[in-house]
Amino acid sequence: MSNPLRVGVGGPVGSGKTALLEWLCREMQQHYSVAAITNDIYTKEDQRILTASGALPAERIMGVETGGCPHTAIREDASMNLAAVEDMQLRFADLELIFIESGGDNLAATFSPELADLTLYVIDVAAGEKIPRKGGPGITRSDLLVINKTDLAPLVGADLAVMEQDTLRMRGSRPFVFTNLKQGDGVAAIIQFLVEKGGLGV
């Protein structure tokens, strides 16, 4: 059975997790054997979106209905997701990379180390420039912080320079990237991070 790199993708509802997953799956499947697991509380809507967008073949996308608190399924009791990962590994012997998208959650959500090797945490500019300084494990401890929707900064009165300063202060040396996932801005930097930090040979 393969031992793929497992990448957790977290962040609040509407921050752009599924949009990021679409980009990463579409781009990275050209070089790697990729699968994705999505978590929704009561539906498999994110699985449907990913499938409809053509980001990956349908058989490489699995939806997990978590019920209750979405962070429990990625942290305290990750059994459903671990079972889904194992299912994908059995399905695709050559699997090199698997994305696990959490259900929309708050800033305190984190992935269990047994579930994810690397974590990406997505926040968005439209939620206000104060978001980075609010902290929380997703912002301070994720392997890569993705600050999405930079195009909306002028519309919501957010100063990206202030967000950058706050992020540097909250994260220290941990990396972050600004993105506009509508256009794909910043996606290349995220892929480069995953390849380098995840030890993926091109």
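Cβ atoms are placed via backbone N, Cα and C, with glycine included.
Record features, source Swiss-Prot:
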| type | residues | note |
| --- | --- | --- |
| BINDING | Gly11, Pro12, Val13, Gly14, Ser15, Gly16, Lys17, Thr18 | GTP binding site |
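Minimal Cβ crowding within 10 Å, among the binding-site residues Gly11, Pro12, Gly14, is found at Gly14.
Counting every protein chain shown, the Cβ of Gly16 (GTP binding site) has 24 other Cβ atoms within 10 Å.
Cβ packing within 10 Å was compared across the binding-site residues Ser15, Thr18, and the lowest neighbour count falls to Thr18. Counting every protein chain shown, the number of other Cβ atoms lying within 10 Å of the Cβ of Lys17 (GTP binding site) is 28. Neighbours of Val13 (GTP binding site), defined as other CB atoms within 10 A of its CB across all chains, total 10.
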